[in-house]
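As given in TrEMBL:
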- 27-36: domain 'Uroporphyrinogen decarboxylase (URO-D)' (DOMAIN)
- Arg32, Gln33, Ala34, Gly35, Arg36, Asp81, Tyr156, Ser211, His325: substrate binding site (BINDING)
- Asp81: site 'Transition state stabilizer' (SITE)
- 144-160: domain 'Uroporphyrinogen decarboxylase (URO-D)' (DOMAIN)
Amino acid sequence: MTTSPSARLAESDFLRACRGEPTSRTPVWFMRQAGRHLPEYLKVREGVAMLDSCFTTDLVVEITMQPVRRYGVDAAIFFSDIVVPLKAIGVDLDIVPGTGPVIADPIRRRGQLDQLRRLEPDDVESIAAAARALVGELGGTPLIGFAGAPFTLASYLVEGGPSRDHRITKQLMYSQTGLWNDLLERLSHLAADFLRVQVEAGASAVQLFDSWAGALSPSDYETYVAPHSRRVLESVADLGVPRIHFGVGTGELLDQMGDVGADVVGVDWRVPLDRAIEKVGPHRSVQGNLDPTLLFAPADVLHTKAAAAIERGRGARGHVFNLGHGVLPQTDPDAVKGLVDFVHGYERV
Ligand code: 1CP
């Protein structure tokens, strides 16, 4: 019996696990599965600036497909960056090799908020075109669209670049709470608009990256961040696709990150998955959570840990296997391939 790509897509193990339905095997994909650890990525990126590549339809399609072809992962993640929608509305920023996003004029005053306007479809037409082309190429493999959550975007905008302690961001949050809320509200609309563009172009799940939310106490998360992340996730609820919500070091926040409107909660490697499942509760799936540095360990160590994660994940409504954060640039692609094959071949006990 032949089935159409859209039927195969709806019944894919990845989407089934996100919805909490039984799967034939544990689905697996990796955050940062595209990118610098792949020689074919480095080749196509030669001489092309990171942000230029994100707005070039053919490159987005090619780079998104690379890990799917090489690894046979159960989902593709759209090749882009969390700062792309900011660039698309005209914020003066760049992604500097070896550093990350750098903002020309960090946002710390009310007068600077007006530049954070709503995203119009025309701003990201080359990106939507890439998503449409990808859905055709991917067939039964789901495409995950993503955006940066308001807090994590705000951290880059306020600090001016990557930060270890988010000091200036939190200073603004505590001392100018009205400005903070207006900033995060604008960023929540931007994130929601960007997710909508990707889903309307064919993405069948979304992930909201609040990578740096783990820098917050549960009470500060609730007061200063949760209402804004909730606005993002609630405003894409009508699209009917699973919403994944992930942050690093968020062991104490997992329940709150689920409660703002996630169907799947991403878990980093610091929390055993069974403990994470208890915190997340029975109504949401989980994603994770191997330490990315295990890809540098001997295969027997890597596989023992992967098996433990799969077994712990059985207590969840659904489990999508992933790392606890992104693939590191020095990772050997053969180790990644070995892990995908191990997860796919694992017979649950
Ligand atoms: O020239 C290059 O190759 C630059 C490296 C690079 C790449 C490949 C950056 C700069 N971004 C990306 C792509 C990217 N960014 C993807 C798609 C690739 C994939 O997942 O397969 C995704 C999902 C992101 C999302 C992203 N960007 C996040 C959230 C995920 C996470 O890792 O927590 C964050 C925080 C960023 C900011 C960013 N962009 C780039 C870097 C080096 C950073 C982090 C800087 C920092 O430490 O603060």
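We count from 1, first residue shown onward.
Yeah, the Cβs are placed from backbone N, Cα and C, and that goes for glycine too.
Over all protein chains present, the Cβ of His325 (substrate binding site) has 23 other Cβ atoms lying within 10 Å. Shown in sequence order, Gly326, Val327 are the residues of the chain, 6+ apart in sequence, with a C-beta less than 8 angstroms from the C-beta of Arg32 (substrate binding site). According to its DSSP assignment, His325 (substrate binding site) is coil. Cβ environment of Tyr156 (substrate binding site): Ile82, Val83, Leu93, Gly100, Pro101, Ile103, Pro162 lie under 8 Å away, each six or more residues apart in the same chain.
Closest by Cα distance to Asp81 (site 'Transition state stabilizer'), from the binding-site residues Ala34, Arg36, His325, is Ala34.
DSSP labels the residues of the domain 'Uroporphyrinogen decarboxylase (URO-D)' (27-36) in these numbers: 0 helix, 1 strand, 9 coil.
Per DSSP, the secondary structure of the domain 'Uroporphyrinogen decarboxylase (URO-D)' (144-160) breaks down as 10 helix, 5 strand, 2 coil. Ligand 1 lies within reach of Arg36, Asp81 from the recorded positions Arg36, Asp81, Tyr156, judged by a C-beta closer than 6 angstroms to any of its atoms.
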